[in-house]
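Student: Dropping a structure here in structure tokens format, bear with me for questions.
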Amino acid sequence: MRIKAQVAMVMHLDKCIGCHTCSVTCKNTWTNRPGTEYMWFNNVETRPGPGYPKRWEDTDRYKGGWELKNGKLTLRAGGPITKLANIFYNPNMAEMEDFYEPWTYDYDNLIHSPKKENLPVARPVSQITGKFIDKPEWGSNWDDDLAGGSEIVPLDPNVQKMQEHIKMEYEKTFMMYLPRICEHCLNPSCVASCPTGALYKRDEDGIVLVDHDACRGWRFCQNGCPYHKVYYNWHTHKAEKCNFCYPRTEAGLPTICSETCVGRIRYIGVVLYDADKVKEAASVKDPQDLYEAQLGCFLDPFDPEVQEKAKEAGITDAWLEAAKDSPVYKMAIKWKIALPLHPEYRTMPMVWYVPPLSPIMNHITNEDELNTDGYIPAVDQMRIPIEYLASILAADDKEVVRKVLLKLSAMRVYMRGKTVGGVDEFRQSELVKEANTSPEEIEEMARLLGIAKYDERYVIPTGRREMDDDLHYKQGTCSLEDLAPAEGENLTIGLMKVRDKL
Amino acid sequence: MADIFWWVIFPYITVTIMILGLLYRYAFRQLTWAAPSTNFFEKKWLRIGSPLFHYGIVLAFIGHVMGMVIPMEFYQGLGISDHLYHIGAIWGGGLAGLMVVAGLIILLIRKITIDPVRIKAGFADFFTVLALLFVAGTGTYMTIIFNTTVVAYEYRETIGPWFRSLFVFMPKYELMSGVPFIFKLHVLSAFALFASIPFTKLVHIFSFPIRYPARSPQQYRSRSNYRRQG
């Protein structure tokens, strides 16, 4: 057993209002430099829709993630030898047109235009070439809220493989938001795709980062990530990606996207997992078993044996305590109401989603007359087809999604029953059995999903700064008793001298 | 005197600039060390031009090792006649040269005509392509045309030994005085190109990820030990 800790996130899609606050604050924090204009470490997609970049889920086109080849886990875009042969030209990489040509507006014209009969306009200007773009034809969230409707929706790879026909009439269609960040996978294919080894997973918290000094811009990570969350900076020619706001999480603060989330849909917590099990779990034959296999990698933080082994592995008490209180552990592992995004990519993603409930489509005309058990078939009649959710969150296994929706429906029925009556009926009902839950669990769930406060939603232990040996130096100390390098001395050399003396 | 400058001083100066420049850039300008691809902006022409050029260069490199580094006696020992060697060199070298030149021309046209590629290309990028085109052009010309029309020049008796003598710091510059002009031009322009490597995107030659197939697919790094691992 090789215990590692992982900082992970759950997003409760029921509460996402698609306001893009997360994307905007993330962009202002991380990607407002030349070369990063088109990068959205966090983006919110309207589903059904092609997403960002266009059709990122089309693994035949971009060849992202892993696949089983003769029972062996291999990168879909090819192993190291194939990659080195393709190093002069990457055939699978997404181009600018799959994202969009970033633009700004010629605001200067608004200020300096001479007096004219007509109002001056700010024409769009490409941020890459500096030329006017007279007619931008695609941009981030161009398809927001199903804009483009029946022309754009069929581009969604999940829709294309659905048996059920998706209705596009206004009254009958469906829509949901899918906020996405880097998944900080347990088995990251971007890391495995990097020829130089510049991408790595941090030992302490599992955050996947790019070492910009080491990155040589070979670009295999860009399409090696099936979620398309590694971007190529055309200005510096290096890879950039979501870093889980590590300067914040190290200080015990939530990521900027979570901090500013208006709907409070995001939860951050620690989970413990066995790194030795990951490869085996990612190699199970049936893609529909990947979800269960991934759950099998996680360790129970309440188990004394796990606690002991974790301490041996250097995980501190603060992290163990955080793992016990972790909202991610509760939702993803204990209650099993959060599901991983596209488990079939075999990367073992660590951003989990609570699927959204939606209005019931057909047969319930008068909900007052509906008895508790009537909600069981209703789950299959929801406006967002289970088939669609299963395609995104469960490798097409509808039963997995159905179970989650049943549990969430049961929670809704029970919590309503507490106010309007019907709790006793609920305790006896088939619904509570079918949903495999209990009123006690539901109360706990409802609290975390509905009214949990800041420190319940974000249980983040601080990074372990006590192991840094140059803190005196960073604080600005002068060389006191040779504890810190002399001022102005080369830091690396100075620290080596100090360490020798200690 | 001129011979000493061109065939002793000049090669050593250019290679010194290259080595010191590379060390400096590696130590202090690591962030700029990359293979600056424009795959992101355009890929229809890159798809043809880039592999053509790069694979051509790899072949040409192997050809130069065969002609310059491996002594003539080695081939004679193997029983390969000079005639056979030259046929091989003209066909193999000619193919490699044509690949490089064709690839470079495609890349150059692409660099000029595709808006984002041109605007993001600086002086160093154009310089590199034009310099490579010059070196490859002279090389291809002498392999295919000069060798077959003027004289099948036996460079393994002059340029080869001179080149090897540079490595043991006993340059036999006198060997170079009788070499045809076009060969001289090719050699000198190549050394000039070497000197420019640290200042252009060509540094990526030295970061070909040869260790990739041997390493473990997943990489873990500890935050607290990060600085020590470098």
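Positions of Cβ are set from backbone N, Cα and C atoms, glycine also.
What TrEMBL shows for this protein is this:
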type: DOMAIN; residues: B:4-223; note: domain 'NarG-like'
type: TRANSMEM; residues: B:6-24; note: transmembrane segment
type: TRANSMEM; residues: B:52-72; note: transmembrane segment
type: BINDING; residues: B:His54, B:His64, B:His186, B:His204; note: heme b binding site
type: TRANSMEM; residues: B:84-109; note: transmembrane segment
type: TRANSMEM; residues: B:121-146; note: transmembrane segment
type: TRANSMEM; residues: B:181-203; note: transmembrane segment
Student: Using the residues the record lists for heme b (B:His54, B:His64, B:His186, B:His204), what whole-number Å value is the largest Cα to Cα distance?
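Tutor: Value for the max Cα separation, rounded to a whole number: 23 Å.
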Student: Within the same chain, where does the transmembrane segment (B:84-109) have neighbours whose Cβ lies under 8 angstroms from its own Cβ atoms, ignoring anything closer than 6 residues to its ends? I mean 6 or more beyond.
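Tutor: Residues 45-46, 48-57, 59-60, 63, 66-67, 75, 129-130, 132-133, 136-137, 139-140, 143-144, 147-148, 152.
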Student: Counting Cβ neighbours within 10 Å across all chains shown, tell me which of the binding-site residues B:His54, B:His64, B:His186, B:His204 comes out on top.
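Tutor: For the binding-site residues B:His54, B:His64, B:His186, B:His204, the Cβ with the most other Cβ atoms within 10 Å is B:His186.
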Student: For B:His204 (heme b binding site), what is the secondary structure by DSSP, using just helix, strand and coil?
Tutor: helix
